[in-house]
Amino acid sequence: MNLSQLPKGGQATVLSVIDDCAHDAIAHRLRELGFVVGASVKILAKGFLGGNPLVVRVGNTRFALRKKEAQRIQVVTSL
Amino acid sequence: MSLAVPANHRIALVGNPNCGKTALFNLLTGSKQKVANYAGVTVERKEGLCRVNDEFSLQILDLPGAYSLTATSPDEAVTRDVLGGKYHGEAQPELIVCVMDATNLGLHLRFALELTALGQPMIIALNMMDSARRQGINIDTDGLADELGIPVVETVAVQRNGAKPLLDQLSKQHWRIPTQIEDRDLDARHERVKGMLENYVSRCGEERNSSIDDHLDALLLNPVSGLFILAAILFFMFQAVFSWAAPLMDGITSGIEQIGTFVTAPITPGSALYSLINEGIIAGLGNVLVFLPQILILFLFILLLEESGYLPRAAYLLDKIMFNAGLTGRAFIPLLSSFACAIPGIMATRSIQDPRDRMTTILVAPLMTCSARLPVYTLLIAAFIPRQQVAGLFNLQGLVLFALYFAGILSALLVAYIMKWLRRDKSEHALLMELPAYRIPNPRDVAMGLMQRAKIFLRRVGGIIFALTVLLWAFCTFPSAPSDYVGTAIDYSIAGRLGQMISVVFEPIGFNWQICIALIPGLAAREVAVSALGTVYAMSGSDDMISQKLGELIAQQWSLPTALSLLAWFVFAPQCISTLAVIRRETNSWRVMGFAVFYLFALAYIASFLVFQLSTALLN
């Protein structure tokens, strides 16, 4: 599943960030910001309808992401 | 490895956004650059001198925050180019001071590792050490220093002596290049950060601070309660501008009157000098000076919001609305700065990554109600809108002011929407915005910010507004009317004739010739229109008219539709040369500036025409 499918309050571990196109600058930036394999994430807030945009905590930092950005991040829910 | 350091050193402060580089810069150089609690406050390189002792000083460079040297926005590109020695007219810095937020090393260490790979002499400054200690974070600075092969110092940029360890290290002049480790791959770097965190950072006790932040976020980021609170904050802000300022404004008015009587006492009434001081300077400047309290109250709110870390949250809440209108949530901060003044607002767009988003934001920024409009708005509102309560709770004057601000915002969204619709390129835009930790605003910083705003305002009053007022006085006085001239002297003057001439154009929107005259110097800056009206009415009236307040005077002389039409004019009209100059500089295009001038004046004329004709029809 990807990050945008997590519910509010949901926690998960990042598997990978998938490039949407060749040389995807947004995906590269996401990786730089800490969305790398093994990073744990938690959804802190979601927008009104469709949960767009959302706020996610990765490590000690909170980021606001749009759905299209969140869909690049593949996660697996922690058990 | 050690280096002998030559004289005249150039040192760059580099680091992730919002880690306190500029606060540290201010501390080192004694400057007063703007600091706030959100990413992207500094968008251009700033330079300052740090005097360590009598014979030794350092050239400090404050660079925009960057997450990486792979730049994605114009401000990050500045940092990349300066560090790479590719910035035009700028030698490569000799030493990098990498500033890190000690409470968030997980994110900031990765960029530090990227910087070590540059192979330049470097020092690491662990900033915000006070917050880190409060949160129970222990950092083994010696261990970090050993691993990286460079000095690591602890700083607290918001305390007076908070930069001392860094200064001591800088004055040793014994700088080192980081130990090189082959970890150029992004994943390897993240791995190494993880290892360093495990080895050198430990945490005792609960994460208390971040749980308070989580509770606040649950309330403030919720789509329902969050939007409600945002609306309430903005609403309260505009109510306060009116209700808190009134007593202070009365005080200033009577103060100016007393100074006026005192200064003009030894001068013969009727002489040219008497007229210049009384009708030119006092009637002109006094009418603008009165608005200082309102401007300061507005800035008090803006500064508190900036310092607290709330602004990026507001940007998040509004992102969807703004995205649908063709803007990005990131545009919120530049647009909010534009409520103070469009100039820093337009410059703040450098933190917007997408060039299309940035262009749209620049073009709509002048529609945000800047503080220079406040004198015009409040003068007209106080004169024409009755002071009464609505629903027993709201002040009607405050409501009208709120509506004017709202009109600006709404038209900005509409204009952005039309531009989005006209644009062929519809590829993806990114938001990707960091939400900083909340912070209680530091009273000293807020007081300093207010002092600076007061100085800027007073400098404008003493500079451009004073100069234009004297010039206008001269145009209203000369050539002086012959003794057998029927009518008031001002009708015979250059300004009077010019006003009559152009009033033909403005008649359909209800402007009389006095307004037309005031609008000409008002092209340079909006407040000038108020001082100019003061001068024009003082010159064209009898002595008892001069003693009357400008507000009372226009309340007698203008019809309500004229006042409403002038309000509508000022929502749109780009009456500010400096804003236009910044648009031209930031877009590097005369065409874009020309387009902004044209579309804003066109909107102003159309809006005023509709308001004037409709309200005239309704009132008859």
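Cβ coordinates are placed from backbone N, Cα and C, and glycine is handled just like the others.
Per TrEMBL, these features apply:
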- B:8-176: domain 'FeoB-type G' (DOMAIN)
- B:218-238: transmembrane segment (TRANSMEM)
- B:258-277: transmembrane segment (TRANSMEM)
- B:284-305: transmembrane segment (TRANSMEM)
- B:325-348: transmembrane segment (TRANSMEM)
- B:360-385: transmembrane segment (TRANSMEM)
- B:397-419: transmembrane segment (TRANSMEM)
- B:457-475: transmembrane segment (TRANSMEM)
- B:563-583: transmembrane segment (TRANSMEM)
- B:595-619: transmembrane segment (TRANSMEM)
Contact yes or no, the transmembrane segment (B:397-419) and the transmembrane segment (B:218-238), 3+ Cβ pairs under 8 Å, gap 6+:
yes
By Cβ distance under 8 Å, which residues at least 6 away from the ends of the transmembrane segment (B:284-305) in the same chain are close to it?
36, 233, 237, 240-242, 244-245, 248-249, 252-253, 256, 260, 311, 314, 336-337, 339-340, 371, 374-375, 378-379, 441, 445-446, 449-450, 453-454, 457-458, 461, 465-466, 469, 472-473, 527-528, 530-535, 538, 550
With CB pairs under 8 Å as the measure, which of the listed stretches B:218-238, B:457-475, B:563-583, B:595-619 comes out on top against the transmembrane segment (B:258-277)?
B:457-475
Apart from its near flanks, which chain residues at least 6 from the ends of the transmembrane segment (B:595-619) lie with a Cβ under 8 angstroms of it?
363, 366-367, 411, 415, 508-511, 559-562, 564-574, 580, 583
